[in-house]
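Worksheet: the structure to be examined is printed underneath.
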Amino acid sequence: MNLISIPAFQDNYIWVLADDKDRCVIVDPGEAAPVLKAIEENGWQPEAILLTHHHNDHVGGVPALCAKFPHLEVYGPQETQNKGTTCVVDEGQNVLILEWEFSVFATPGHTSGHICFYSSPYLFCGDTMFSGGCGRLFEGTPEQMYQSFQKINALPEETIICCAHEYTLANMKFAASILPEDRAIQDYYHKVKELRAKNLSTLPVILKNEREINLFLRTDDIDLINKINQETKLQQPEQRFAWLRSKKDNF
């Protein structure tokens with residue numbers, strides 16, 4: 001199988017999984033034009049669309065794609081039912097498309113009904129996790145997002161995380177400001193700066209690496225706890241997660 005990212009808008013990525021027969025699955029098509037262009041250039045035959053949440057920069061291209069390819073099944077959470085979804089899915093369900101079986105995880109936080117799709121080794125996480133960071137909490141709570149991160153962190157370390165936005169540079173600048181002495185964070189921040197200076201993508205990423213550089217996965221890390229303790233005493237990892245999210249919101 002082939003994993004392809006299609007840039008959209010200013011910093012979105014629309015993900016495509018294609019098999020050796022050029023059949024493909026499209027994830028979070030926020031706009032149709034770049035997807036239709038890629039379909040024509042690669043000779044793909046779209047079979048299905050996966051939606052992680054209802055925001056327009058993830059669903060805006062669905063009507064045009066379904067008009068062009070009327071056979072498309074569109075899988076998404078309840079909150080996308082009025083965005084073109086033909087099959088509503090939720091936590092614990094499995095979706096079989098071609099040779100891929102996608103497990104569905106409920107990951108509330110960014111939105112209340114956000115979901116992720118996992119088909120080893122790929123995780124399509126929408127706006128739940130970004131490299132070095134996490135999604136803004138528009139509808140959910142820090143506690144919900146913390147639990148969503150625990151689900152992702154329970155996946156195998158070789159999981160390939162397909163985030164929906166190129167936010168890595170800003171996230172690593174924030175992480176480096178929190179733990180300026182952390183070698184893994186500083187090294188990755190330097191690597192990301194080099195990639196973005198060349199206008200190269202930083203995605204996808206591997207869960208094993210995220211565990212080292214993503215502070216939102218390190219809420220039990222002693223260095224982070226000591227940093228937070230300089231300002232306030234927080235006993236629970238959910239509280240430290242909320243502290244990080246608040247700091248990032250105001251960074």
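Counting starts with 1 at the first residue shown.
The backbone N, Cα and C atoms fix where each Cβ goes, glycine too.
On a predicted model such as this, the values are computed, not experimentally measured, just so you know.
Now, the feature entries from Swiss-Prot:
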BINDING   HIS53, HIS55, HIS110, ASP127  Zn(2+) 1 binding site
BINDING   ASP57, HIS58, ASP127, HIS165  Zn(2+) 2 binding site
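Features as recorded by Swiss-Prot, highlighted on the structure.
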{"residue": "HIS53", "record": "Zn(2+) 1 binding site", "Cβ within 10 Å": "28"}
{"residue": "HIS55", "record": "Zn(2+) 1 binding site", "Cβ within 10 Å": "21"}
{"residue": "ASP57", "record": "Zn(2+) 2 binding site", "Cβ within 10 Å": "19"}
{"residue": "HIS58", "record": "Zn(2+) 2 binding site", "Cβ within 10 Å": "27"}
{"residue": "HIS110", "record": "Zn(2+) 1 binding site", "Cβ within 10 Å": "26"}
{"residue": "ASP127", "record": "Zn(2+) 1 binding site", "Cβ within 10 Å": "25"}
{"residue": "HIS165", "record": "Zn(2+) 2 binding site", "Cβ within 10 Å": "20"}
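In sequence order, ASN12, ASP28, GLY30, HIS53, HIS55, GLY126, ALA164 are the residues of the same chain, not among ASP57, HIS58, ASP127, HIS165, whose CB sits within 8 A of the CB centroid for the Zn(2+) 2 site. Note: the Zn(2+) 1 site is recorded as HIS53, HIS55, HIS110, ASP127; in the same chain, THR52, HIS54, HIS58, THR111, HIS114, GLY126, THR128, GLY135, PHE138, ALA164 also have Cβ atoms within 8 Å of that site's Cβ centroid.
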